[in-house]
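Below is one structure, written out as structure tokens, with a few remarks after it.
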Amino acid sequence: MDLYCVMGNPVEHSRSPWIHARFAELTGQTLQYGRLLAPVDGFAQALAQFRSSAEGTARGCNVTVPFKFDAGASAQFLTPRAQLAQAVNCLSFREDGIHGDNTDGAGLVNDIVQNAGVALEGKDVLLLGAGGAAAGVLGPLLASGARRVVVANRTLGKAIALVQRHAAVALPHHADVEARSLGDVSGSFDVLVNATASSLAGDEVPVDARVLKPGALAMDMMYGPAAAGFLDWAARHGAAPRDGLGMLVEQAAEAFEIWRGVRPPSAQVLSELRAIVG
Ligand code: ATR
């Protein structure tokens, strides 16, 4: 049996096992996908144990907080998008070694374009945050056809560093990319993506609502109760609110395709999951 898992700490609330089990059912693939709680300082050892599992053949794993950096260090090969993100959420165990990828950005873009039905070509995008979550999605946002991506962060220096790292990606896509501090964002945007930890901390949305064009898509990477404050704010200010559940399913679909070579029906699985999660 081919084995997969999600490694994290905490990991007990992860929806990934459910999502991948549904993908496998719907595509006729035979696999097992579990949860693996790794000690905060013991990622490499937990990964080695999983790879030597006697219950089947470990083929790969997803990696969530706080191990996306450790996962990169464990890989012998990194895709360009994982190198750019400096974070890995998907490992594949192949004959020549461990391959690391980052499917978060593709998941975000696919959710916006395919599930929310918002084309990104020529659009102005505001990305809030410059931590790991923002780093995972900036490259794919710049490659999406967006005209301009502004990265706004509480700590301006982190936004500047992230933007500088991505300058070479923006260039061939003719996208403008700028760094700003949260209080210094000018203009208004078609798409707002909240990749800060503000929702998790229960804090106010850290930017003025004037950044929203009428009918803008306003998305938080969180889902469930953590996203409620942001979604409410977005709706009150005339934007179309969207949580991170679609991104979660789409980043999983991307991983599933990397592992199995088959694209799962992600829109169907998202609507099923939505009925469970609310
Ligand atoms: P993650 O991997 O979830 O991105 P992280 O790397 O710790 O976690 O980054 C957290 C992000 O949320 C950062 O951009 C952080 O801003 P700073 O770089 O200034 O620390 C941002 N953040 C956290 N709490 C916030 C708040 N209450 N308001 C605004 N931004 C916040």
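Residue numbers in this text run from 1 along the chain shown.
In case you wondered, yes, glycine gets a Cβ from its N, Cα and C as well.
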Inquiry  = Record says SER14, ARG15, SER16, THR64, ASN89, ASP104, TYR223 bind shikimate. Source is TrEMBL. Which of GLN164, GLN251, GLN268 does it list for that same site?
reply    = GLN251
Query = Given that TrEMBL lists GLY129, ALA130, GLY131, GLY132, ALA133, ASN153, ARG154, THR155, LEU156, GLY157, LYS158, MET221 as binding NADP(+), which residue among GLY107, GLY202, GLY238, GLY244 does it place in the same site?
reply = GLY244
Key: Distant-in-sequence Cβ neighbours of SER14 (shikimate binding site), under 8 Å, six or more positions away   = VAL6, GLY8, ARG35, THR64
Request  = Please average pLDDT over the domain 'SDH C-terminal' (244-273) for the predicted structure.
outcome  = 98
Key: Shortest C-alpha distance to ARG154 (NADP(+) binding site) - which of the recorded positions LYS68, ASN89, GLN251   = LYS68
Ask   = Among SER14, ARG15, SER16, THR64, ASN89, ASP104, TYR223, GLN251, which the record lists as binding shikimate, how far apart in Å are the two most distant Cα atoms?
value = 18
